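Feature annotations, courtesy of TrEMBL:
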ACT_SITE  GLU242  active site, proton donor
ACT_SITE  ASP389  active site
ACT_SITE  GLU483  active site, proton donor
ACT_SITE  GLU501  active site
BINDING   THR587  Ca(2+) binding site
COMPBIAS  887-896  compositional bias 'Basic and acidic residues'
COMPBIAS  904-921  compositional bias 'Polar residues'
COMPBIAS  932-941  compositional bias 'Polar residues'
COMPBIAS  951-963  compositional bias 'Polar residues'
DOMAIN    784-870  domain 'PA'
REGION    887-1003  region 'Disordered'
Amino acid sequence: MPRALPGSNVGGGGFLDYDTGKLGEALRAAKGGGRWQRWRWGPARRFREAVRLRLPLALLRIPPSARLAAPLPPASGNVSHRPGVAAARARNRRAMSEAGGGRGCGSSVPQRAPWSLVAATAAFCLVSATSVWTAGAAPMSREERQKLGNQVLEMFDHAYGNYMEHAYPADELMPLTCRGRVRGQEPSRGDVDDALGKFSLTLIDSLDTLVVLNKTKEFEDAVRKVLRDVNLDNDVVVSVFETNIRVLGGLLGGHSLAIMLKEKGEYMQWYNDELLQMAKQLGYKLLPAFNTTSGLPYPRINLKFGIRKPEARTGTETDTCTACAGTLILEFAALSRFTGATIFEEYARKALDFLWEKRQRSSNLVGVTINIHTGDWVRKDSGVGAGIDSYYEYLLKAYVLLGDDSFLERFNTHYDAIMRYISQPPLLLDVHIHKPMLNARTWMDALLAFFPGLQVLKGDIRPAIETHEMLYQVIKKHNFLPEAFTTDFRVHWAQHPLRPEFAESTYFLYKATGDPYYLEVGKTLIENLNKYARVPCGFAAMKDVRTGSHEDRMDSFFLAEMFKYLYLLFADKEDIIFDIEDYIFTTEAHLLPLWLSTTNQSISKKNTTSEYTELDDSNFDWTCPNTQILFPNDPLYAQSIREPLKNVVDKSCPRGIIRVREESFRSGAKPPLRARDFMATNPEHLEILKKMGVSLIHLKDGRVQLVQHAIQAASSIDAEDGLRFMQEMIELSSQQQKEQQLPPRAVQIVSHPFFGRVVLTAGPAQFGLDLSKHKETRGFVASSKPYNGCSELTNPEAVMGKIALIQRGQCMFAEKARNIQNAGAIGGIVIDDNEGSSSDTAPLFQMAGDGKDTDDIKIPMLFLFSKEGSIILDAIREYEEVEVLLSDKAKDRDPEMENEEQPSSENDSQSAEQITSSSQEVDLVDQESPEESSLNSQPESLSPADMDNAASVSPSEQISNPMENHETTSLDGECTDLDNQLQEQSETEEDSNPNVSWGKKVQPIDSILADWNEDIEAFEMMEKDEL
């Protein structure tokens, strides 16, 4: 779902009440006189027309004792207000300089201030940041910025022109086949098609983009087409959420700019609120969706028949996403303010109130999906990405547009919880709302790319820079941001539907900092779009960012948002025909005028059902938006934050923290723990980790996760040691994975009554006989004693000349291999000791060595999860003699053996059927399926310690990578080329083995041979498949 983000942040509309502090006294005394000040914070991170303060300008000289902090970002460029822009700006700067002794008003808050006062105080703390940032990177010349802006215009013309030529009046363009996508005429894409309502979606979504790009004539023509051709009374089921943000928002944005152009007197002189009337008609069509006991809307509605009628074909749903119910207030409130019909704003407020009441009280987080009738959380994971994202955005922006302090209070409560639990800079990882210290998943989705922009709006600049830089590094690796990627920055879902969220955050970071680095980021986005996504009939979404394959899709939000943000990034103020800071961006980047804050205000009933709790803001300081504080006298501030993150996913080694501790070493203190020396079973090492702020978490699938929280470290020195330790672990793991990226292997049961029909997916080893280069190993299996294989075997005669079965745990894999090899075994199968584990649900991995020379191990070693291993163990109990084949992939079945060893009794036949049917056809897993891939789609490298398991490293202070190292080996000294690693991963995935599906019953030999031939043909065809 598209999310257009940040655009504002100061309370709006009317007077604010102040009741504490000297500033409050000054403001109360000033209410009787002075001039109107219309402070504004536009999309460029400046004050919007949201707070109206009636006071003399002289009172801007606030004494130091009255200074308060505000959760707002610094102003960028010129701050405009009416009247007297230049004079008031100069007075304000002088006042801040005098009041703060040359440091503005950036002192810490001695005591907690009321929310309204904290927000309003920011209006007195304006210091321009633009000049500070020009030294951070080589400035881009005006000529180059104009050139890039013109390039954006040409790209928009290419996309919009092809839509109008080949697709209009269809909802969207299919750029590969050069035709329109019409609902019902193309194969269904599931929920994605719920955005299509046969209402020329792309045209409506692009209306205000035309004006932003100074295409006023095309805008006027487009409005005429909408009024002439668009029908909102279609018998089609649409998403309430998508229709609201794209269509209702598009009509309101178009209306806003139409009346602006009409006032200017050159264009749209014929316009008489026709778009607003269409928006009102659509608003009434959406209202029946709110007919629930909770006030939360149904997720879908029929434009013609509404809800719960037989002909409506909808109304039976019980669940909706939090963002779906919580991303309505801007459009619905604007519709009410434009038309005077208060019902729209009231319904949207009720939905927001209900979501707030249902938040998890101990964590102050909300889940992803909620039951619209009972209010129970259906999905109890929480993050800032898909399903929740724009709920947070609209709380803050509703405060800006509507001036209701309760929205700011709610947002700040949620934001405190996000920074406390979800934020692990530079990562943002989902957690459980009831157990917020427990991560809910190890991957992130692309929609969270909006969050840095929202943090800029909030004023929390540092984590915004960090997360944005991490995302940019992923983009530089894959050209686009994958729909989902793991915490070690591998592709989880490979699609990219040309989402604009990253471009949006780039624009807002540039406006907040003035750092030309972000212009270079925008330039990269333009180059990648033209190089990889541009096709003759528009721009095509990426089906797989690794292969560069396209999808026949160009969503409307691409035109509504992407080109708008890119153009604004490079445009000067004079390049835009209106003052964009008079408007607030919706989540679809539609523009709503800020003067709505004082128009047709309805009596808002503040939610009084629960008290707002006082927040512990230890995770970030409240400061005035003063560059001296947010960017303390350092023109390279943003660059200094970005620099450590440049090695997260690029080719170079992660740079350790340069710190000299020779004096400490000479005084007898022990040197810091190195990753290569770490032993998870060593209590002393675990204590050192704790001191460094590193936590060890045992996951259900047997893996171990390392997480660093610098704030939990014993000292700043220990925190730095912890950060370096995490970087070393990441480098060490990446190096091991680079050294050997092995595909999965196969264990095939070939004895009676299976005859090769059961193929089990096995993990490879980085030592021993390489089955891909040598002939497969065939033999009967026998259990070793002791079963863990960690000491000399007591039953060597039982495993002599056989394949030994050993249990995972207690010692290194290599040690087990040496013990069974010394006993005469010809191969080994390690069975997971984590009961219930399966290759269906857990990522495959490869067994690593012990850091020593493993050339002495000559036998093949494979790993089976518990579920697959139990199939062999059950077969042994049933038949005693079980023969298996260890190979790099499944081999042809042996028809001669089947003829010779047909089941001699009915019981044998029944047993064979029972055993085979329980084996669930465990073959080489399709590694491209997002549902089946857990952490990443490659076999992972296990720690050298057999006892366990892959360690997922998620340092909140620097980077977070799932790693397959529990105990590490002495492999330091070389850098990990992550580029080659991901390339090898992609190549391995492209050559991944296909599924070989076997029958579950004993069949006649002719039938079996026929089936086998078909399977072989399918196998060969799938091997050629590039994915």
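Backbone N, Cα and C define each Cβ position, glycine as well.
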Around the Cβ of GLU501 (active site), the count of other Cβ atoms that are within 10 Å: 28
In the domain 'PA' (784-870), how many residues does DSSP assign to helix, to strand and to coil? 19 helix, 17 strand, 51 coil
Relative to the Cα of GLU483 (active site, proton donor), which of the recorded positions GLU242, ASP389, GLU501, THR587 has the closest Cα? GLU501
Looking only at GLU242, ASP389, GLU483, the active-site residues on record, which one has the least crowded Cβ, with the fewest other Cβ atoms within 10 Å? GLU483
Whole-number answer please: how many Å between the C-alpha atoms of ASP389 (active site) and GLU501 (active site)? 11
Cα-Cα separation of GLU242 (active site, proton donor) and the residue listed as 'Ca(2+) binding site', in Å? 11
Measure from the Cβ of THR587 (Ca(2+) binding site) and count the other Cβ atoms within 10 Å, all protein chains considered. 32
What whole-number Å value do you get for the CA-CA distance of the residue listed as 'Ca(2+) binding site' and GLU501 (active site)? 10
